[in-house]
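What TrEMBL records for D57, K59, D62 is active site, for OMPdecase activity. Summarising the annotation, TrEMBL assigns active site, proton donor to K59. What TrEMBL records for D9, K30, 57-66, T119, R181, Q190, 210-211 is substrate binding site. Taken from TrEMBL, the feature domain 'Orotidine 5'-phosphate decarboxylase' covers 3-226.
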Amino acid sequence: MNKCILALDFENAIDAVSFLDNFDEPIYVKVGMELFYGSGLQLINEIKNRGHNIFVDLKLHDIPNTVKGAMRNLAKLGVDMVNVHCAGGISMMKAAIEGLEEGKLNKKRPLCIGVTQLTSISQEIMNEELLIKGNITDTVLHYAINAKKAGLDGVVCSVYESKIIHEVCGNDFLTITPGIRLKGDCKDDQKRVATPELAKEEGGDFIVVGRSITRSKNPNKTYIKIENIMRG
Ligand code: C5P
């Protein structure tokens, strides 16, 4: 399975699918809320028919019973990776796994990944607006430990948190890291970016890459280059 997950951040399914025409071989793509809520099932089937792996990034957060039912249906789509907010608590995360187990196709459960703290949440917002005390890295680590206890497969985190999470939760516990830029690329709205080389060095299992690929002159070549870095 590929380690570079391409963020398909397009406004509509037509643009997303025509962008996929750039790729000769199956890749790993991430479909987020905008695309999924706009053209969900049809788009997922089209991407699957082309042989790509799919991460459906919907960041579920609700009561355990509702999350379980939603996950059961997501698993029936035959996607490869889904996610939940760790802030939903351990019983919600356990329910997510139960739902995926019930709905999985061909005995293969989609990987379930926890969202620790969104990159849009600063230390100040976390402490003062959300009234969560302490350091943001400690919170991320604590949420990762909870995710592990609940049986999740890993968490989304920054490249700079990957190592400590592996140290505490074990090397089998996956880290999925966005905020990736090739040397010389524009940072855009990302704050703490890292290169694929650094992500690999820090032990990141999967990286999520959007604009460094979607804006490159040759997206297929850029994807392969990044994938090869991750494979070492
Ligand atoms: O274009 P870029 O590489 O910045 O895209 C990163 C992708 O990863 C986007 O789809 C963004 O929503 C997602 N993401 C992120 N930071 C997180 C979680 C997800 O950038 N903490």
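Think of each number as a place in line: the chain as shown, counted from 1.
Cβ coordinates are placed from backbone N, Cα and C, and glycine is handled just like the others.
Between the alpha carbons (Cα) of G210 (substrate binding site) and K59 (active site, for OMPdecase activity) lies a span of roughly 18 Å.
In the three-state DSSP classification, P64 (substrate binding site) falls within a helix. Mean model confidence for the domain 'Orotidine 5'-phosphate decarboxylase' (3-226) is a pLDDT of 95. Across the structure, D62 (active site, for OMPdecase activity) and T119 (substrate binding site) are spaced 21 Å apart at their Cα atoms. For G210 (substrate binding site), the number of other Cβ atoms no farther than 10 Å from its own Cβ, over all displayed protein chains, is 20. Screening the recorded positions D9, D57, G210 for a C-beta under 6 A from any atom of ligand 1 leaves D9, G210. Nearest to D57 (active site, for OMPdecase activity) in space, judged by Cα atoms and limited to the binding-site residues D9, P64, T119, is D9.
According to DSSP, K59 (active site, for OMPdecase activity) is assigned to a strand segment. Residue environment of H61 (substrate binding site) contains 16 other Cβ atoms, counted within 10 Å of its Cβ in all protein chains.
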